[in-house]
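The block underneath contains the structure these notes are about, expressed in structure tokens.
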Amino acid sequence: MLTLKGPLGGSTRTSGKMDKPLISHQLVDSDGSLAEAPSEAPKVGILGSGDFARSLASRLLGSGFSVVVGSRNPKRVAGLFPSAARVTFQEEAVGSPEVIFVAMFREHYSTLCGLSDQLAGKILVDVSNPTEQEHLQHHESNAEYLASLFPTCAVVKAFNVISAWTLQSGPRDGNRQVPICSDRPEAKHTVLEMVRAMGFTPVDMGSLASAREVEAMPLRLFPGWKVPALLALGLFIFFYAYNFVRDVLEPYVQEGKNKFYKLPVFVVNTTLPCVAYVLLSLVYLPGVLAAALQLRRGTKYQRFPDWLDHWLQHRKQIGLLSFFCAALHAIYSLCLPLRRSHRYDLVNLAVKQVLTNKSHLWNEEEVWRMEIYVSLGVLALGMLSLLAVTSLPSIANSLNWREFSFVQSTLGFVALVLSTLHTLTYGWTRAFEESRYKFFLPPTFTLTLLVPCVVILAKGLFLLPCVGRRLTKIRRGWEKDGSVRLTLPVDRALAQKTSHV
């Protein structure tokens, strides 16, 4: 086993400027000074001379290791590596190090078979990634294939989810974790310690059979966002088509008026708040359904249906998409007066006012309605902004559970109520005017009120003492017709503090 010695403390970082070369030729200490690798540092080997191999060499040197690089043409690539790294032929590079990083593609593994005797008993760290086509084509992972070629070696899968730029510039919150798997516990422990020494956080994924799953991680493109994005897109298409029929097609068919100029801005701006409002209500609807299921079953120890469980897990993404649509709606609304069509409407209104000899136009009710409508919209957007900010990992990690729950649950519900009032103020009495039903279709805002009103009414129902106390008891472990019987504290405020899930 490799013994880790030397300055294995904190990770180092380079300047990180994009205008500088990816690979530095000198070692940068944590204090910013240039230094050579310690002579007694643990020796690590790297087979490969690509971008990842060069970044890996820089990171290992900065973490206190001595690095020897094996290449088929060392003279050609020596100038690309830091000066502290020794670049030589592959046969010489695998001689003394106990840990060797294999930084090459799968199809080149067979070229190392001539080194089988020299690699016997050593730890091989596979850092490769297959393409999506290769992942589907091969039934075994790259690491398992490497292990089959070198049965006398301890193969460890690691660092395949880390990019060359991350190795060079240092870990970040979003890519600090390094999944590791191997069939050899001692080899895995050695690589775990190396990962920590390099400033990353190791994640033990078990045996080498998990390597295929680990190699699939970089192939996934926003796996948690697929369903929420499709949901938002579906809602947008539905409401856009609905508003197109009402605001563009109906005037063209009934009156012969060409309103197609409204498609790029006006119809989009009418659609965005509908999508944002419905998405926000869908963030809190699964919680209502989960509470209703617990009340019906009389226990919290039964699993939710899979569809509800997945829905609960996607609430964060749905909420962020709601904020995104609401922010776009605010920007589009500010751009409405800039349109040429709006200016023509103002001029035509002024001419019409002159022709009818009206010197003063003022509708007190409309003035108050718009003032309240805009104010409620700004407040709702402000609440949504707060929810979005606290969803960021760096902000969420600075809050305790009670603070995070207060923002996401309580203030989130306040945002939903404000959005409902904003929508109701926009609609005012339009839902009761016959002229608003175009092609016998109700105004769009009446459709969006359905789900949010259900959520608000259900939340109000759960606040009733007869329902709220039962739900609190269930969440504290009480079961209907079971052996568990709990007595809640007399102080309801204390009960809520200790039973919030």
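Our numbering is plain: 1 for the first residue shown, then up by one each step along the chain.
Quick reminder: no glycine exception, Cβ is built from N, Cα and C everywhere.
All annotation found in TrEMBL is predicted automatically rather than curated by experts.
If you check TrEMBL, you get these features:
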DOMAIN    43-130  domain 'Pyrroline-5-carboxylate reductase catalytic N-terminal'
DOMAIN    274-418  domain 'Ferric oxidoreductase'
REGION    1-21  region 'Disordered'
TRANSMEM  227-245  transmembrane segment
TRANSMEM  265-293  transmembrane segment
TRANSMEM  318-339  transmembrane segment
TRANSMEM  372-392  transmembrane segment
TRANSMEM  404-425  transmembrane segment
TRANSMEM  445-467  transmembrane segment
What residues elsewhere in the chain lie close to the transmembrane segment (372-392), defined as a C-beta under 8 angstroms and at least 6 residues from its ends?
276, 280, 316, 319-320, 322-323, 326-327, 330, 399, 404, 407-408, 411-412, 414-415, 418-419, 421-422, 425-426
Where else in the chain does the transmembrane segment (227-245) make close Cβ contacts, counting only residues six or more beyond its ends and a cut-off under 8 Å?
263, 267-268, 270-272, 274-275, 278-279, 282, 310, 314, 317-318, 321, 325, 438-439, 441, 444, 447
If we skip the immediate neighbours and take only residues 6+ beyond the ends of the transmembrane segment (318-339), which ones have a Cβ under 8 Å from one of its Cβ atoms?
228-229, 231-232, 236, 265-266, 268-269, 272-273, 275-277, 279-280, 282-283, 377, 380-381, 384-385, 387-388, 391, 412
Using a Cβ-Cβ cut-off of under 8 Å, list the residues of the same chain that are 6+ residues beyond the ends of the transmembrane segment (404-425) and lie near it.
273, 276-277, 280-281, 283-284, 319, 369, 372-373, 376-377, 379-380, 383-384, 386-387, 390-391, 396, 445, 448-449, 452-453, 455-456, 459, 500
